[in-house]
2 protein chains.
Amino acid sequence: MTAMIRPRSISGMQELLPTEQITFNHYKDIVRKHFELTGAVPLNTSAFELREVLMAKEESNNTSSIEKQVYGVHRIANEHNETNFALRFDLTVPMARFVAQHASKLIFPFRRYQIQPVWRGERAQAGRYREFIQCDIDVIGDQTLNLINDAELPIIIDGIFKDMNIGPFQIHMSNRKLLGGLLLGAGIPANSITNALRLIDKIAKVGQDEIRKQFFQLYRLKDNQIDLIITYTSLRGPVDEVIDKLLTLVEQNHKANETYKVGIKELTTVSEIVYSLGLTSKTFILDLSVARGLSYYTGTVYETTLTNHPALGSICSGGRYDNLVGLYSNRKLPGVGMSIGLTRLISHLMHKGLLQQAKPSIEPVLIIVFNHSYLGRYLSIANRLRQAGIATEIATEQTNISQQFKYANRKGFRLAIIAGEKEFINGTWQLKDMTTRKQIVVNNSKLVETINKMLAC
Amino acid sequence: MTAMIRPRSISGMQELLPTEQITFNHYKDIVRKHFELTGAVPLNTSAFELREVLMAKEESNNTSSIEKQVYGVHRIANEHNETNFALRFDLTVPMARFVAQHASKLIFPFRRYQIQPVWRGERAQAGRYREFIQCDIDVIGDQTLNLINDAELPIIIDGIFKDMNIGPFQIHMSNRKLLGGLLLGAGIPANSITNALRLIDKIAKVGQDEIRKQFFQLYRLKDNQIDLIITYTSLRGPVDEVIDKLLTLVEQNHKANETYKVGIKELTTVSEIVYSLGLTSKTFILDLSVARGLSYYTGTVYETTLTNHPALGSICSGGRYDNLVGLYSNRKLPGVGMSIGLTRLISHLMHKGLLQQAKPSIEPVLIIVFNHSYLGRYLSIANRLRQAGIATEIATEQTNISQQFKYANRKGFRLAIIAGEKEFINGTWQLKDMTTRKQIVVNNSKLVETINKMLAC
């Protein structure tokens with residue numbers, strides 16, 4: 001026998017107690033249900049990717065912040081041999097790789113959902129996870145992809161967060177063409193647009209003054225150019241209001257270029273469809289400070305905030321990417337997607353005590369073991385209930401009845417079934433409602449029906 | 001822009017096309033349903049474990065075959081720094097660690113299910129996976145764990161495979177105490193029992209003659225001792241038959257020790273409960289050649305075979321382990337569990353063409369886009385149906401109607417909804433059954449009801 005090993009888990013890798021996991025699964029099931037209702041098919045990719053595939057974006061991407069966090073894997077037995085494997089850090093890159101690889105076998109538009117963990121070598125810190133569950137939905141078109149897909153995603157997401165019932169939230173939408181065109185018009189060189197967009201993405205965090213300073217230092221913009229950028233990216237509000245202001249600004253700004261105009265048009269089309277479907281400014285607004293840090297976005301971009309939890313940041317983000325699959329394929333396969341960071345969201349709300357905690361049991365019925373020599377018969381009752389779809393457990397370990405009832409209370413069972421010699425002979429059951437403590441006698445033939453009725457209350 | 005990267009997946013890491021993944025999820029959902037019906041709570045552990053935790057068994061276990069396959073992980077940015085993380089190779093060890101770690105917060109008996117991937121550095125070979133989904137159910141008791149749990153697991157597993165409808169199967173049960181006691185009585189030293197059990201486990205593979213040879217070479221057993229072992233471990237059949245023979249052999253074999261007798265008693269108790277619940281020798285037999293390679297099993301052991309696919313080997317195995325959690329805790333926490341290797345099972349049946357393949361779509365209804373200027377209205381119909389629980393998609397990409405119907409056929413939609421100017425004015429819908437090709441006109445107020453009726457057929 002080896003010496004005892006102290007059992008420990010790894011910081012930044014959340015592990016939930018059963019009650020918490022039941023709660024978590026409840027929210028995960030809501031996401032899956034909504035994704036499937038809109039016709040998305042499931043995609044699961046392997047945890048490992050070839051490094052060169054995973055890092056395809058690296059050279060063209062100045063921030064290697066994600067790349068620094070990537071985990072490599074190799075067999076311990078060959079510890080010092082090079083391997084070419086690494087763990088996925090998001091679900092978008094594996095999806096793009098999968099689509100490029102299997103394009104000939106997929107039916108386009110390919111609408112997939114993917115709910116899997118991803119891994120990042122984050123430093124241990126509250127709210128930072130090294131393993132977390134992402135819930136992604138994306139639509140990939142062949143050659144073209146109608147803008148209606150950009151409008152449909154926020155509606156799906158709206159449905160999910162409403163169903164989750166986790167308080168008021170707001171989806172913020174913007175457009176990278178509009179922002180890119182604006183920056184170009186304001187004098188930023190074409191090859192610096194992505195970095196400038198990242199600056200804008202930081203306004204909320206570092207403040208306008210800092211952004212002004214940086215726009216001057218990095219790009220030598222004039223005051224009026226910086227003013228223009230700040231004015232635009234401060235636009236935020238109901239669709240009509242923001243679109244009106246944008247159109248006015250176009251008239252004032254004679255240098256407005258084509259990209260910029262296309263951006264306004266896309267933003268208008270998408271947001272009009274969203275509003276026409278009943279979403280209001282309570283849950284959906286335009287917000288031109290949303291730029292997204294990732295370089296692959298090319299049009300619509302989204303972020304979602306929980307109104308009562310601004311510090312959480314965006315709980316669901318995404319956007320339109322016209323060239324991502326192009327890293328792996330010559331075929332033009334434009335896409336749009338959104339992603340919910342479920343681990344962070346649920347664990348935050350859980351710690352704040354804002355989620356209705358599940359009971360520490362999945363099943364509602366406990367069978368009391370009145371006489372241990374009848375264990376087989378109790379198991380037979382359990383089977384009968386389970387076959388009728390009623391989740392049931394048998395109290396096999398507690399030696400006396402009062403311990404069994406204590407267990408029933410602690411684990412939160414709704415009903416207890418008590419049966420002994422007398423009941424077996426009479427073909428009846430004692431049914432106890434654990435909440436009201438009322439106990440009734442039920443005939444064998446009515447057992448399932450009666451339990452279903454009591455559970456429905 | 002970087003050069004294009006050839007998209008590739010990693011051999012031994014299965015990735016399914018959508019239709020296959022829908023099929024796979026269908027079977028995974030069956031497992032989850034049955035696990036939850038019997039009161040098991042979900043447990044998800046992190047993909048990473050501390051190496052020392054994962055390798056706790058290493059020294060006491062002669063076969064380091066699993067250990068050789070373990071993947072270590074570290075951040076690529078720190079490639080050559082040692083880290084202490086590795087990927088789990090099964091779900092039993094993480095569960096034991098979790099139980100030891102959180103024992104004070106768990107309610108015992110702790111019955112958990114766990115459906116997650118595990119990773120092993122296997123050589124690429126057909127049917128060998130480096131990543132595969134395990135479906136585990138275990139019950140852990142505090143101090144004691146009633147034998148009824150050993151009987152309940154095969155019944156749960158029987159329910160799952162019946163529900164999966166994948167052909168005849170048979171659960172084989174044996175007992176390590178019985179086998180261990182037998183080997184001890186036959187002259188094998190106590191510290192070699194585990195290795196000798198592994199030999200027995202190989203009989204089916206290498207044949208009796210080879211096993212006889214090895215028992216002689218390794219332990220210098222006499223012919224009559226080896227005969228006894230071979231006679232016992234060849235016992236296989238219906239419960240009553242095997243138990244009868246075991247009892248006769250006890251009488252003949254005067255050296256029968258205590259462990260051996262306890263083994264027979266456990267086997268009898270467990271199998272009698274199993275049979276009393278309606279399982280017959282068609283799906284449940286005793287089979288004393290089942291020994292299981294892992295050293296932590298201490299009593300009941302199980303394997304399951306698909307009658308028509310003997311080459312697949314065991315598709316669901318497990319057993320009773322009284323000391324596993326003892327690697328991490330002083331508390332006595334005996335357990336029993338079974339595990340389904342879902343990836344291997346489903347992919348085997350899929351490749352043989354034996355699973356009913358799902359349709360390449362999850363949703364049954366497609367909305368035909370008769371006029372692209374009404375996209376918002378089509379999306380609005382989709383939303384209405386989705387809110388009524390009817391999974392619906394809109395044909396947004398195909399420019400003409402015949403392309404849309406081609407798409408509907410290819411993706412396997414059950415119904416198509418057609419609406420244009422006329423329908424919008426009249427408040428009616430054209431509903432087309434894609435199988436019968438019949439088309440009917442439905443009033444707006446009857447839409448959901450009519451669709452539900454048609455889908456129910």
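Yeah, the Cβs are placed from backbone N, Cα and C, and that goes for glycine too.
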Q. Which of B:Arg120, B:Arg123, B:Arg128 shares the L-histidine site with B:Asp90, B:Leu91, B:Thr92, B:Gln134, B:Asp138, B:Arg292, B:Tyr296, B:Tyr297 per TrEMBL?
A. B:Arg120
Q.
Using a 10 Å radius around its CB, how many other CB atoms surround B:Thr92 (L-histidine binding site)?
A. 22
(Q) On the three-state reduction of DSSP, what should I expect for B:Arg292 (L-histidine binding site)? (A) coil
**Q.** Short-range binding-site residues relative to chain A, from B:Asp90, B:Thr92, B:Arg292, B:Tyr297, with Cβ separation under 8 Å
**A.** none
Q. Using the residues the record lists for L-histidine (B:Asp90, B:Leu91, B:Thr92, B:Arg120, B:Gln134, B:Asp138, B:Arg292, B:Tyr296, B:Tyr297), what whole-number Å value is the largest Cα to Cα distance?
A. 22
Q. Looking at Cβ-Cβ distances, which residues of the chain lie under 8 angstroms from B:Asp90 (L-histidine binding site) while being 6 or more apart from it?
A. B:Ile66, B:Val118, B:Gln134, B:Ser339
Q: Calculate the per-residue pLDDT averaged over the domain 'Aminoacyl-transfer RNA synthetases class-II family profile' (B:31-364) and state the result as an integer.
A: 90
Q: Could you find out if DSSP has B:Thr92 (L-histidine binding site) as helix, strand or coil?
A: helix
**Q.** Fewest other Cβ within 10 angstroms of its own Cβ, chosen from the binding-site residues B:Gln134, B:Arg292, B:Tyr297
**A.** B:Gln134
